[in-house]
Every structure is written in C-alpha cells, then in structure tokens.
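Notes to accompany the following structure.
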Amino acid sequence: MLLLPLLLLAVIVPGGDNEDVFQGPTSFHVIQISTFANSTWAQNQGSGWLDNLQLYGWDSDPGTTIFLKPWSKGNFSDEEVTELEELFRVYLIGFTLEVQDHVSEFQLEYPFVIQDIAGCELHPGKAVESFLKGAFGGLDFVSIKNDSCAPVPEGGSMAQRFYELIIQYHAICDTIAKLLLETCPRYFLSVLDAGKAELQRQVKPEAWLSSGPTPGPGRLLLVCHVSGFYPKPVWVMWMRGEQEEPGTQQGDIMPNANWTWHLRATLDVAAGEAAGLSCRVKHSSLGDQDIVLYWGHPTSTGLIFVAIIVSSLILLICLALWFWRRWSYLTIL
C-alpha cells in the first residue's frame with residue numbers, strides 16, 4: 001500500500017512535469033446487475049468501467065471476462081486475472097443462492113433486481129477512495145466507503161437485516177475489504193498507466209449549428225452541437241460579441257461509441273435578436289484556437305455540400321460538351 005502514492009504520482013504527473021495534468025478518467029468501478037425472475041432462474045451481468053468508458057464485460061455462461069481494450073488488464077498477470085475471475089464466479093454462485101434462500105425472510109417478491117457498484121476513485125488531493133453500494137429496486141440499502149460499512153437509512157428495516165446478515169460472514173467481509181482497499185487501487189492505477197497513450201490523447205471537436213423546436217411565437221431555439229472530442233472537459237457557450245449569454249443551457253456530456261464525447265448547448269431567444277449571436281467552443285485539443293460559429297452564417301458542412309454540388313454540375317457540363325463535340329465531329333466525317 002505504501003507504493004500507491006508513488007504509482008499515483010507516476011501516472012498523474014508523467015515525467016515529473018507538474019504542468020502536465022492528467023485529464024483522463026478519475027474512477028474505476030464494477031457494476032453488477034442480478035435479475036431474479038423466480039426461485040429457479042437468475043441472471044448476473046457484470047461490467048468494468050473507467051468513468052463512462054467500458055473496459056470489459058462479464059460473460060455469465062462460461063463465467064469469463066470479455067476485455068474490450070488491449071490494455072484492459074493493466075499490469076495484472078494472466079494468473080492474477082484468472083484468480084479474480086474464479087473469485088467472481090464463485091461469488092456470483094454464492095450470492096445467487098444466498099439471495100434465493102432469504103427471499104421469504106426479506107419479504108421479496110419475484111421478479112426483482114439487485115444492483116451493486118464497487119470501485120475506487122481519485123480525488124483532487126490525489127487520494128484514492130474505495131466504495132461499494134448495493135441497491136434493491138433502485139433504492140440503496142448498504143454502503144461501504146474505504147473500511148467503513150453501514151446500512152443506508154433510506155433502505156429501512158431490509159437494509160438493517162441485510163447488514164446484520166453480511167457481517168456474520170467474516171471471510172467474505174475480509175475478501176471485500178482486500179479487493180476494495182488493495183486490489184482496486186492497484187488495478188486502477190495500473191490500467192491508467194497501461195492505457196496512458198489512449199487515455200491522454202487529444203481529439204478535436206466538431207461543431208455545427210441548428211434550430212430546435214420553436215419555443216413559442218416569435219422565438220427561436222438555437223442549438224450548438226459539439227461532438228467527437230476527447231478528453232471530456234469542454235466549455236461551450238452562446239456569445240454576443242465577447243459577452244456570454246446567461247440563458248445558455250448546456251446538456252449533459254454524453255459518450256460516443258468511439259470513446260469520444262458529445263453535447264449540445266441551447267439558447268432560447270426572440271427571433272429578432274438572433275443576429276450577432278455565436279457559439280464558442282473551448283477544448284484542450286484546440287489550444288488557443290477556439291471554435292466560433294456565427295448564427296446565420298453558412299456552416300462548414302453547408303459549404304462543403306454546396307461545393308460538392310457545384311463541382312458535380314461543372315463535371316457533368318464538361319462531359320456533356322465533350323460528348324457533343326465528339327458526336328459533331330463524327331457526324332461531319
């Protein structure tokens with residue numbers, strides 16, 4: 001455990017340059033979704049994530065991990081990965097049986113779903129904090145933070161009974177503690193290092209403007225779309241000159257399938273006030289060259305489309321003239 005701060009420093013500050021701030025994922029977590037249809041049928045699904053970037057999935061039939069990136073194992077050996085797979089496989093079998101044995105005691109009614117999320121996250125002070133949360137029907141019932149375990153008050157009596165049940169299994173509690181406090185931070189930091197080239201890449205955003213559904217009579221909804229950028233932090237704002245428009249509404253930053261991000265920023269304005277507005281995009285990949293798109297001006301996509309149409313027409317005219325001249329020449333002969 002004493003090596004973790006040194007590993008963290010090596011990952012966050014490559015080459016010892018304090019100005020090279022890592023802008024990649026700040027958490028790793030595993031999600032478990034267990035569906036119980038009846039007393040004889042249950043299905044367990046699992047996946048591992050760096051923030052919103054999926055690293056692997058769990059194939060429940062053979063009980064093996066499906067790695068989605070070449071560096072998804074971090075610096076863990078094949079033997080360590082196999083050992084963790086076996087541990088997770090045994091855990092899921094025991095978890096399923098244990099839940100089915102206590103359905104009546106906990107007054108559960110089929111079908112139901114239990115969700116767990118466990119992992120570790122990096123805080124601004126460069127400390128790694130581990131966590132585990134369990135939920136039934138979308139309501140949390142148990143929470144573990146570092147080495148502290150407690151029922152969630154919102155979970156009521158069921159949360160208390162589950163907590164009292166789980167703490168009886170000392171071996172399970174010790175295994176969970178080791179996974180959360182030792183294995184998770186070590187894996188998290190190693191996978192950040194193994195995937196550094198991809199996680200620290202810079203991908204420039206693309207931006208375009210459109211109008212959204214009419215908010216009301218005499219009004220316009222201006223939409224600024226920004227997509228394909230990485231890393232995640234981005235600044236998008238509607239502007240009038242150098243002044244920010246306070247009515248700008250920025251949506252959530254959502255992931256694309258190719259590990260980039262997208263979002264949109266909207267502005268509700270009177271139709272007569274749209275002239276002179278622009279959308280400004282700031283992103284680390286752009287340096288000091290912000291993207292600025294002016295409302296009412298042709299976008300680059302529109303210009304490209306027009307250029308293609310014009311070029312195609314010119315080509316067709318040239319071909320027609322060539323065929324006409326050739327036909328005229330052959331007719332004379």
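Cβ atoms are placed via backbone N, Cα and C, with glycine included.
Range 329-332 is the one annotated as motif 'Internalization signal', of 89-92, 269-272, 329-332 (source: Swiss-Prot). Reduced to three states, the DSSP call for CYS279 (disulfide bond) is strand.
Averaged over the topological domain 'Extracellular' (19-302), the predicted model has a pLDDT of 91.
The closest partner of ASN258 (N-linked glycosylation site) among the recorded positions, by CA position, is CYS224; the full candidate set was CYS120, ASN146, CYS224, CYS279. The recorded positions recorded for this entry are ASN38, ASN75, CYS120, ASN146, CYS184, and the Cα of CYS120 lies nearest to that of CYS224 (disulfide bond). In the structure shown, across all protein chains, ASN75 is the one of the glycosylation sites ASN75, ASN258 with the greatest number of other Cβ atoms within 10 Å.
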